């Protein structure tokens, strides 16, 4: 098995010498993937990897949990209270798990090992290109959200260090939000984004997991033993309207989106079987649900309708335990941005080479110059947008709509297309049931994406 090994030496910063290299999108940390070979693959499926069932559960949980956790208390507020938020998450979890199983099924059927390759093989060129564009846009938007999170947490930390009230006039120029975000991004994120590969995925994953669980623990503890200066606002007991419930869907989609990285994880398992995989994703989603519900419920009940889109911003700046949570989140985001950028860059690279009609092997000589240019443009655009978009809730809403496409639309299209190709082999009742379910997934995902896009465009215009 070929272990993903990256950034072992300084040569990784320079010209790629591997003429057979292919960019693999969202390759999960610590996942061994065997080269795709017809001779090695057993009949009826792909060759197995080295990941155990327990290891696969951990990787899926790790891919699912992240910075989206901070927005879940606000999602409960948007949905109209605890009961509405729990009901919405439980209902969506059924579709989320089924989408993961569908992707594994289509991966076996198509003998492909990454999300976009499965979509290409099963649904064809047009849908494959749309999928790659959606992935690039999603990773771009998530990078913007990460920079906004860095600014939000730094503002609170700097306010304590400077011993000045937040928002006070006459603050030094070096405490300005735009300067601190730009400085942090240029010093840490940009150098980590330039290399051809990313070798610290394991460490980034560890920081992300530790930070996520710590934030959840702090939110729950602060609800059970609240500080005296924190007084909750009114809490909603029912949704204001059905539209309000639907407005919480993008946040849930963003939080539970691990589908793009799920295909490599499935193929990395020792026994990549659908039954085993169903147990893996069910266990992983239940764990993620517990974390998200713990944070969402306790954060919402602590601050009520006044909860900030980033729940950590609702706590006092002077709270030491919360300050540690902010530091964890900053570290996690600093290392997660380059990984997402790498994924988006890989898609753009593939689209560009395909447009040029040039195999990777023939274009290696220009790889370094193109990579540096793509990285600089990506970095500068995300930084500029982050500096002028103060509300992370708007960004989460938009990229949450795209996440709905990965969770519902593309798996639904894959299921429909796969069953259409098996029309003569499957019993009519089973065939119609699967196709109908695929149509339901596509419709649900298209509804969430359309509503999110409409809100992002028309609400701001009306405001």
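Glycine residues also receive a Cβ, built from the backbone N, Cα and C atoms like all the rest.
The domain 'Amino acid transporter transmembrane' annotation in TrEMBL covers 50-450. Annotated transmembrane segment per TrEMBL: 54-76, 82-106, 118-151, 179-194, 206-225, 245-266, 278-303, 323-348, 372-389, 395-418, 430-449, in sequence order.
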Stretch of maximal Cβ-Cβ contact with the transmembrane segment (323-348) [cut-off: under 8 Å; candidates 54-76, 82-106, 206-225, 245-266, 395-418] | 206-225
Beyond a gap of at least 6 residues from its ends, the CB atoms lying under 8 Å from the transmembrane segment (82-106) belong to 75-76, 115, 118, 122, 237-239, 245, 248-249, 252-253, 256, 258-259, 262-263, 266, 272, 274, 277-278, 281-282, 285, 289, 292-293, 296-297, 300-301, 407-408, 411-412, 414-415, 418, 437-438, 441, 444
Counting Cβ pairs under 8 Å to the transmembrane segment (118-151), which of 245-266, 278-303, 372-389, 395-418, 430-449 comes out on top?
-> 395-418
